[in-house]
Amino acid sequence: MVQRSFGLFATIALAALALAPPAAAQREAAEAALAAPKVPLAIGVAWYPEQWPEARWATDLALMQKAGFNTVRLAEFAWSRMEPSEGAFDFVWLDRAIAAAHAAGMQVVLGTPTAAPPAWMSQLYPDILRVDENGTRAEHGGRRHFSFASARYRGFATRIAREMARRYGRDARVIGWQIDNEVGPPSFDAEAQVLWHAFLKQRYGTIDTLNRRWTTQYWSQHYDNFEQVPLRAGGQHNPGLLLDFKHFTTATWTDYVQAQARAIRAVADPRQWVTTNTMFWNAGFDHYAMHRDLDLASWDNYIPDGRPDWLANGANHDLVRGYKQRNFWLMETQPGRVDWVPVNRALDRGQTREMAWQAIGHGADAVLYWQWRSALNGQEQYHGAMLGPDGTPFPIYDEIAQVARDAAAAAPALAGTAPVGRIAMLFSYDSRWAIDLQRHHRDFDPVKQFTAWYRPLRSIAQGVAVLPVDADLARYPLVVAPSLHVVTQAQADRLAAYVRGGGHLVLGPRSGMKDDANALWPQRQPGPLAELLGARVEQYYALDAAAPLTGSLGAGETAIWAETLVPEAKDVEILERYGPSNGWLDGKPAAVTRRVGKGRITYVGVWPDEAMLRGFAQRLLDAAGVAPVVPDAPPALEVMERAGNGRRALVLINHGATPLRPALPAGAVPVTGDLRDGVLPAHGVAVVALTPAQAGISNR
Ligand code: GAL
């Protein structure tokens, strides 16, 4: 497993910890604060008062109030304003901005500004600047140009965080902290190399262990000492090295964020939560590890091409909810369009509202737009905003104001509720990285493959928890791991216990092939789970044409990937076989299942076509006794259930362009939205309350 702090930064961490109140008590208090937020649904915007004359602020805030907002996020890029020269701090303007926001009824989230260091720092201390893999040092003028490994930068970053926390850490108007902004790009400078070597030493203890785990007898890669190991993210390097590079970036970024979190927590009221905002399917670090010591997950949901694919986007929300297995914040989303893809199409009328409700349905307790008004200059002049350069609303303002109105009406019904996950899916960063490093078939995209399974499972079950492999799975009757490529012995043991205890574990292709040093398991797939399965993968094949499948799951085909299975235990059932194809596959088992203890394990060695996967999902859910809350939901209808705190509610969205009539459970009471006489219009949303007695399902 990834280590959380190491070497140089461990010393810094320990010094900061000495000042902090006991972590457990602090976390408990923060959790209590989260359980009872001041406003159950925060709706608001990123506001950059530093970009505008102060005389304008009152007008901006009045327009936010008029839109029904209750939250603003401030200061995340304002470092040059807060520390105009080294060690000289100016918070007076921010005092006034917070006071003005509060007077307008807004709660405040403060961002630490460390994604945008000031020019004086780059000039005086060029060693803080990031170095890319080719050795080029970043220059000033953009953002994220710092090195995550620079001790000097870490010092500056924790100091500004501490100074802000000293000033606002006990301020009742400030509810929480966002650390940095979308951390991500690593650095390859000399300090990063020193940390890399310290990281490897901590992970492996001795160079002999590293040599063994990475099989460095291959191509004469044997290392005499840790200092010889190059710092590399890609290229023709050892798969063990490349996967450990990801572990290293995880550890370094986590430590970077935690250094600021510790600085804040050392002086702040535990009522204030601490988060960092992340990006969709970002592969830069393990997000479960990053969130272990944060209070809250938050993320930035953008639909770059303006064409929402609601199931794919829902998977992303569920992934984020899985980081802490708790509700999250949507820290940023677009008012209409972005400005960073080739065609920055705006969402259709009504879809910005749909996306807000989708976030809430999947567990967001906040929806914040980026941004309020486009700066007159700067890199993002073309991005969607709520106000134009003239300071008056764009057409999207009214749609977002409606989100705020609906949210206020729905808040009492949703307070203290969380999404109900009826089954679980496992998403593993190690597995994703290891496959991405060696796809073997260009189109074996682990996120696409995960989403292909998520689609039918989610649309039939109407509630999926996306979880790390180490999560407690006991409450889920069905756990699907579309591609658990990397699995440790300890994880395999836990999964085996889940199966023996009565769960159904379904493994997709390439599962159980590697260990956490990215080495092949010496057993055939699924490696440490092969004995439990009573079968093993004989061989895998990348396909350039689909291969036919027949069996009890129905007829269909597999594209991209095919594995032939060999049953070894007598009680293994063959679910599906290959039809005539390349000769190697013909007639061989493609999917097998076996009852073990009180449960079952199934291995599916293919990437089935959509119809087949849907049929299979239906069978798995039927067998698990999982039925949808709203039966026969048409493809455009998204049904999201939130329950808890004695409440149960459904969020419904018609993502399509024609009206629908959802078959609601008896006794459902519309709380807010567009449902009229049982009809949900095109792009309509609705929140309906159900009586808790209708639940019969726990708050998961
Ligand atoms: C986000 C970023 C924001 C803004 C936005 C534009 O990734 O956090 O600061 O740049 O993109 O879409």
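In case you wondered, yes, glycine gets a Cβ from its N, Cα and C as well.
As annotated by TrEMBL, signal peptide applies to 1-25. Among the features that TrEMBL reports, domain 'Glycoside hydrolase family 42 N-terminal' is placed at 47-406. Among the features that TrEMBL reports, substrate binding site is placed at R143, N181, W340. Per TrEMBL, active site, proton donor is recorded for E182. Marked as active site, nucleophile by TrEMBL: E332. Residues or ranges marked as domain 'Beta-galactosidase trimerisation' by TrEMBL: 422-626.
Where TrEMBL records a feature, it is marked here on the structure.
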{"residue": "R143", "record": "substrate binding site", "Cβ within 10 Å": "16"}
{"residue": "N181", "record": "substrate binding site", "Cβ within 10 Å": "24"}
{"residue": "E182", "record": "active site, proton donor", "Cβ within 10 Å": "18"}
{"residue": "E332", "record": "active site, nucleophile", "Cβ within 10 Å": "23"}
{"residue": "W340", "record": "substrate binding site", "Cβ within 10 Å": "11"}
Completion exercise
Of R143, N181, E182, the recorded positions with C-beta less than 6 Å from an atom of ligand 1, in sequence order, are N181, E182
Practice task
Return the maximum Cα to Cα distance in Å (whole number) over the record's substrate-binding residues: R143, N181, W340.
Solution key: 17
Handout entry: Secondary-structure category, per DSSP, in which N181 (substrate binding site) falls
Key = coil
Problem - Integer Cα-Cα distance in angstrom, N181 (substrate binding site) to E332 (active site, nucleophile) - result: 11
Fill in the blank from the handout: Same-chain shell around substrate excluding R143, N181, W340, C-beta within 8 angstroms of the CB centroid, reads A115, R144, E182
Handout entry: Mean per-residue pLDDT computed across the domain 'Beta-galactosidase trimerisation' (422-626)
Key = 98
Practice task
Whole-number Å only: compute the distance from the Cα of W340 (substrate binding site) to the Cα of E332 (active site, nucleophile).
Solution key: 15
Handout entry: Distance, R143 (substrate binding site) to the residue listed as 'active site, nucleophile' (CA atoms, angstrom)
Key = 17
